[in-house]
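Copied over from TrEMBL:
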BINDING   E41, S132, E183  Ca(2+) binding site
REGION    111-131  region 'Disordered'
Amino acid sequence: GNDMVVSIDTAGTISYHNFSAVYGELCRAAGCGPNGYLTHEAAAWIEGSKGGDGMWIFAPRRFSVEPFDEVMDEMRGGHSILRYIVPGGHDGALDGGGNGAGRASAVRFASDRSDSSMSTGGPDGFDPRGISSIRQLPGSTEILVALKTEEVGGRVASYLSVMRSNGQILLPDVLVAEGFKFE
């Protein structure tokens, strides 16, 4: 189903995990409502410091408070980082089968846009760019590097962005390729 996560260990063993409870927590934190949805392509595990709680960072590619619509989906780029904190500082969401033992919270990207436009996307309420990959900057505990993808009407473009885990944008979207999707 759509709430399944696949993991591959160092020996190449493939495992499937039901993440329904975690996905529900992420949707609640993001404010999707009962009819909305999130589409994830980007997730990263961040170890807890000094034995503290670790967390998953999810950066939804798509976000909507409305049911899925194939045409409108192109314009529903996600604009938040979802943090799913796992007690014990380890990859507990997978260890526990994604049973929802953690807690989720949302951080909206801080930018020069008004707060009202941040809730739905770009300045006109829609934004085609969504995060397709996110990673923690090596040596940093709070800086994230993201690749954003735009796919509208057959046009594809990739952008690079850098932000803090609190949503503060350090490097706004920079076009890195037209006609290519980097992930």
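Just so you know, glycine gets a Cβ as well, placed from its N, Cα and C.
In TrEMBL, annotation is done automatically, which means it is predicted and not curated.
TrEMBL feature annotations superimposed on the structure.
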{"residue": "E41", "record": "Ca(2+) binding site", "DSSP (3 states)": "strand"}
{"residue": "S132", "record": "Ca(2+) binding site", "DSSP (3 states)": "strand"}
{"residue": "E183", "record": "Ca(2+) binding site", "DSSP (3 states)": "coil"}
Subject >> binding-site residues (E41, S132, E183), the one with most neighbouring Cβ atoms at 10 Å >> reply: S132
Original post:
With a radius of 8 angstroms around the mean position of the C-beta atoms of E41, S132, E183, what other residues of the same chain does the Ca(2+) site pick up?
Top reply: A42, R61, I131, S133, L147, T149, K181
